Amino acid sequence: MGAGCVKVTKYFLFLFNLLFFILGAVILGFGVWILADKSSFISVLQTSSSSLQVGAYVFIGVGAITMLMGFLGCIGAVNEVRCLLGLYFVFLLLILIAQVTVEVLFYFNANKLKQEMGNTVMDIIQNYSVNASSSREEAWDYVQAQVKCCGWVSPSNWTRNPVLKNSTKTTYPCSCEKTKEEDNQLIVKKGFCESDNSTASENSPEDWPVHPEGCMEKAQAWLQENFGILLGVCAGVAVIELLGLFLSICLCRYIHSEDYSKVPKY
């Protein structure tokens with residue numbers, strides 16, 4: 001390998017590791033977001049889905065190690081440190097294997113996540129209290145208000161709640177209440193509301209002034225959109241990792257041959 005080719009390889013490897021470092025930060029940030037988000041469907045899933053939490057911690061670990069390896073790769077490439085490049089290659093290969101494993105698990109557990117979300121939402125609805133004081137009740141109120149939906153499949157899911165089931169007045173979940181289209185300010189109401197102009201003798205969902213759509217389809221679209229973005233980022237990182245592996249091998253072989261040529265021969 002000529003000196004000019006080696007120089008190009010060094011700086012290409014440096015550039016790839018810089019991108020690698022940035023994408024590692026994105027993966028780490030995604031894992032932190034899964035754990036910290038309290039205002040979307042993720043916050044509802046966290047209460048029951050251990051697989052989602054495990055996946056989040058894996059993303060944080062992989063992202064942190066990826067950033068470290070990107071840093072080591074930059075130093076090893078610029079200074080031609082063979083031991084650093086070898087260490088970089090080994091860890092990069094392990095990261096790639098772990099990353100592919102997590103992606104496969106997320107892909108094949110998509111239906112399980114959807115089922116877990118449905119079970120969690122129905123449990124929240126059935127046990128929803130008048131004060132709505134728990135974190136998961138507050139999270140579901142936020143979801144219904146933000147996405148403009150009510151219940152899981154439909155608003156009638158709320159009839160399983162004892163408070164609404166036993167009410168003789170037109171009582172409904174406040175976070176489901178319809179808002180004016182021109183009102184862009186998000187106001188999240190909690191608990192149950194009573195209709196002022198109620199004339200019905202029983203509490204029927206048909207009489208509720210709420211959004212008619214359930215949240216299931218919107219939740220599925222949300223999951224597909226966000227996990228699609230995640231898989232796209234991970235695929236981009238995987239391509240950079242493969243290029244990094246190839247370039248690190250080339251540079252390691254060159255450094256080894258250069259060191260060997262400097263050994264005096266008798």
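Easy rule for this one: first residue shown is 1, then count along the chain.
Placement of Cβ uses the backbone N, Cα and C atoms for every residue, glycine included.
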Per Swiss-Prot, CYS83 shares membrane side with TYR254: yes
Fewest-neighbour residue among glycosylation sites, criterion Cβ within 10 Å, set ASN127, ASN131, ASN157: ASN131
DSSP three-state assignment for ASN131 (N-linked glycosylation site): coil
For the topological domain 'Cytoplasmic' (73-83), sequence-distant contacts whose Cβ falls under 8 Å of one of its Cβ atoms, 6 or more beyond its ends: 10-11, 13-14, 16-18, 20-21, 92, 244, 247-248, 251-252, 255-256, 259
